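Step one of this worksheet: look at the structure below.
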Amino acid sequence: MEKTLETVPLERKKREKEQFRKLFIGGLSFETTEESLRNYYEQWGKLTDCVVMRDPASKRSRGFGFVTFSSMAEVDAAMAARPHSIDGRVVEPKRAVAREESGKPGAHVTVKKLFVGGIKEDTEEHHLRDYFEEYGKIDTIEIITDRQSGKKRGFGFVTFDDHDPVDKIVLQKYHTINGHNAEVRKALSRQEMQEVQSSRSGRGGNFGFGDSRGGGGNFGPGPGSNFRGGSDGYGSGRGFGDGYNGYGGGPGGGNFGGSPGYGGGRGGYGGGGPGYGNQGGGYGGGYDNYGGGNYGSGNYNDFGNYNQQPSNYGPMKSGNFGGSRNMGGPYGGGNYGPGGSGGSGGYGGRSRY
């Protein structure tokens, strides 16, 4: 059937609805099958899909999978019941990242701090609290103001006691707070940005999924620290990050889709200079090291100007990173494997799974 202008938005809407109901399950035992995975997660609701990702050649488990529930409420119930243990192993469930978002920097990083842009002068802390507390327990709320004038800079941060509210909020994308459209992103610290930058060269460190070599996390069957790969890791080929966790990179580079660094350029996470973006500057800088990258050097998606002083904390930048080669099939097929699109590695290679 030929796709029309009318069917494309309908398909996208259907896919987005499914995305809200899907969980990524990392750290699976190699003994875990679709049947045992399904049996475990059906305690929270009806599953419409369940898959353990396997190497297309050897059929060996890659140590992760996906489950899709019939409703978002069931997903919430499952996430509220963490930790999860399947076949004697504690696993890590996370809300699955949409295919079109998976190549963006920070998409797979687990954080508890949310960046909120588009904050107007009439928006106060209680507006943010009233809106976001339905997603989870809030630890702190910060609306950033100019030190001299006291005026709002148009953005702030909401910190939760868990990463799942942040994952859920950014997955939904569109939010209206106090009558104004808001932009929400994961907020990454300077340290987190630098850790991702260093991933392209395979230098030390831990991104929260395991130790450096030979131990810790278990997100892939490879001998080299599991989650970041080895010879048979998360994305096949060189693994999920090849020595660190560059999310699919080749030997020390290549990362999210084959460009040098995490999204092209020289500096990894957005290329170029320190911080997030391609130039210096900062996202509303001068406030306890918040900002970083080139946020604020111009309008931010029509939400206003966020000033240009240098600083160190900022949102996950949007835009396409890693070449934008569309991943085939419901579980990808490109930007998770070595070099980018459609390879035999990837989040499923060329096949459906």
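Residue numbers in this text run from 1 along the chain shown.
The backbone N, Cα and C atoms fix where each Cβ goes, glycine too.
Quick caveat, the model's predicted, so the values are computed rather than measured.
Checking the ranges 9-15, 30-36, 100-106, 233-239 against Swiss-Prot, the motif 'Nuclear localization signal' annotation falls on 9-15. Lys168 is the residue among Lys46, Lys59, Lys168, Lys317 that Swiss-Prot describes as N6-acetyllysine. Between Lys94, Lys113, Lys152, Swiss-Prot assigns SUMO2 cross-link to Lys152; no such entry appears for the others, which is not proof they lack it. Nearest neighbour of Lys168 (N6-acetyllysine) by Cα distance, taken over the modified residues Ser29, Ser149, Thr159: Thr159. The CA atom of Ser29 (phosphoserine) is located 32 Å away from the CA atom of Thr159 (phosphothreonine). Looking at Ser149 (phosphoserine) and Thr159 (phosphothreonine), their Cα atoms lie 25 Å from each other.
Secondary structure at Lys168 (N6-acetyllysine), as computed by DSSP, is helix.
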